[in-house]
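See structure below.
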Amino acid sequence: MSFNNTMMHRQSTANAASLAKQQGVCSTEDNQSSSAEPSSLAADTYPLCLSEYTRYGRQLILPSWGMPSQLALKRSRVLVVGAGGLGCPAIQYLAAAGVGHITVVDHDVVERSNLARQILHDEATVGLSKVESAERAVQRINPHVRVDSIASAFDKTNAMPLVSSHDLTLDCTDNVLTRYLISDTAVLCSKQVVSGAAQGVEGQLMVLNKNPHNSDAAPKDGSSAAGPSRGPCYRCMFPKAPRPDDVVDCSDGGVFGGITGLVGTLQAVESIKLLSDMGASTPPALLLCSAFSYPPFRSIKLRPARPDCRSCGNPENVESRISDLAQEDYAAFCGLNDVRGQGGSRGGRDRISVQDLAGILQNGAETTQANPRSLLIDVRPKVEYGIVSLPNTCNIPYTDLRRNPSETLRRIRTLQNSVAPISSSGNPSNRSTSKQSTCASKVSPSIYLLCRRGNDSQIAADLLHEAQDEQASTTGNEEVHTFAAQRADGFTFVDVIGGLQAWSKEVDPSFPVY
Ligand SMILES: Nc1ncnc2c1ncn2[C@@H]1O[C@H](COP(=O)(O)OP(=O)(O)OP(=O)(O)O)[C@@H](O)[C@H]1O
Ligand SMILES: [Zn+2]
């Protein structure tokens, strides 16, 4: 906005035809005009419709932008995978800036827990598919944009046709499997990927497979004749997938809404630069941002693509270069076939439903002399335990437990000496928001393990079983002998199916879910 009032007196001399068009959105045919056409006063030859001149006016007049860039954007087809924390702001700015065609792929539906950061969705679209919610939002923002919504997962079956039919792909997903798949597909189609990531208070941005048609290395004579070297793909940067246990997603680790907004917006900016041919000349870089650090931004220059990369490397240097996505087992590569990694059961572990747990807590079903000393252990992180917890629980965070299950066993035995009955006298859902840290029962050998959704508690039960077996088989261990004398069979570790979410759903709907 400007306060220079000379601007107030400028008036266009629009002809009758264009005035008629001013009222509405121009047709698809209007939008197809070529930027190469000479400028004419006839309305039909304007490459944008009148309302678009007004809509995009502030960016059109930028010396570095102008009509060629605007038209390039209008002719562009952009694929956005993921309409969550990153996808929403990215789609918002791509649409507002005037990208002609946006395809959004996401298999998820809008949940209330998305609304603090996934800004295209709102109360009215909770329960709707994210792509439909995003499409409605785009139509509100800019009716000149065509949106295709695909309410299914981006996978091996649709990857090639989707990526190859778009000029650019934005990776706005939250899992490594999809990141490898998007990157590999883009390499096979010689397309670039604007990749974003956000976790906690930190975010990352990079363009993958940048300048896919350029050679791998910069010219030896230092000339820039061949342009900047081809940038790395996701596999160049991460030839090995992280172990599933080391990957934390937003629902487990939390995320700061503004950070996803920042990274998603930067993805849109980077995309707009590439689509209008303004971003190709800069070397590949990784931008890191951290909301609570100073300075909040850092940029790291990336090495060019690796010649031995399985995805984008030189075929002569690579033994089994990826050439057919159907042949690739992405789940195995990412370690997702490991049952434990998905919170699956090894079998033989005891489990309990939330209803049965409620019965125990309420009725003191196990308060018998034969079953002394039960504990109800909440394995969520300390910060989550501090948000809300069931009464009479102990907090041993899963990460501590996993780091040292044997030590955790010792801790559990110690906790038994500072006991309080796990059965409550009244309401089983008599929740507490305080950070009480000890409680137990004198009456049961069962150690009930509870988490938010019932995944970590399963793994915790397995780890503790294993640690107990290991200790029991160790001869000469005084502590184990003492323990065995106390309780010949040791503890029974019991995971609570579905965790606190199931508790809230099936036992006490007033228990807060986050
Ligand atoms: N293979 C895929 N195909 C399509 N969309 C995907 C794929 N993998 C992930 N996504 C989508 O990417 C988005 C990632 O965004 P984000 O992590 O902010 O959302 P979320 O999963 O809803 O968050 P939360 O973890 O809080 O539930 C999600 O909407 C998710 O459905
Ligand atoms: Zn590569």
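Positions of Cβ are set from backbone N, Cα and C atoms, glycine also.
Annotated ATP binding in TrEMBL involves GLY85, SER113, ASN114, LEU115, ALA116, ARG117, LYS130, ASP174, ASN175 plus, out of the candidates ASP106, ASP184, the residue ASP106. Nearest neighbour of CYS236 (Zn(2+) binding site) by Cα distance, taken over the recorded positions GLY85, SER113, ARG117, ASP174, CYS250: ASP174.
Report note: the Zn(2+) site is defined by CYS233, CYS236, CYS309, CYS312, and the residues of the same chain whose CB lies within 8 Å of the CB centroid of those residues, excluding them, are SER183, VAL187, ASN209, PRO232, TYR234, ARG235, MET237, ALA305, ARG306, ARG310, SER311, GLY313.
For the recorded positions LEU115, CYS250, the greatest number of Cβ atoms within 10 Å around a candidate Cβ is found at CYS250.
Neighbour count (other Cβ atoms within 10 Å of the Cβ, all protein chains): 22 for ARG117 (ATP binding site). Relative to CYS250 (active site, glycyl thioester intermediate), the recorded positions with Cα atoms inside 10 Å are ASP174, the candidates having been ASP174, CYS309, CYS312, CYS451. Ranking the recorded positions CYS233, CYS309, CYS312, CYS451 by how many other Cβ atoms lie within 10 angstroms of each Cβ puts CYS309 at the bottom. The two recorded residues, ASP174 (ATP binding site) and CYS233 (Zn(2+) binding site), show a Cα separation of 17 Å. Close to ligand 2, meaning a Cβ under 6 Å from one of its atoms, is not one of the recorded positions GLY85, ARG117, ASP174, CYS250, CYS451.
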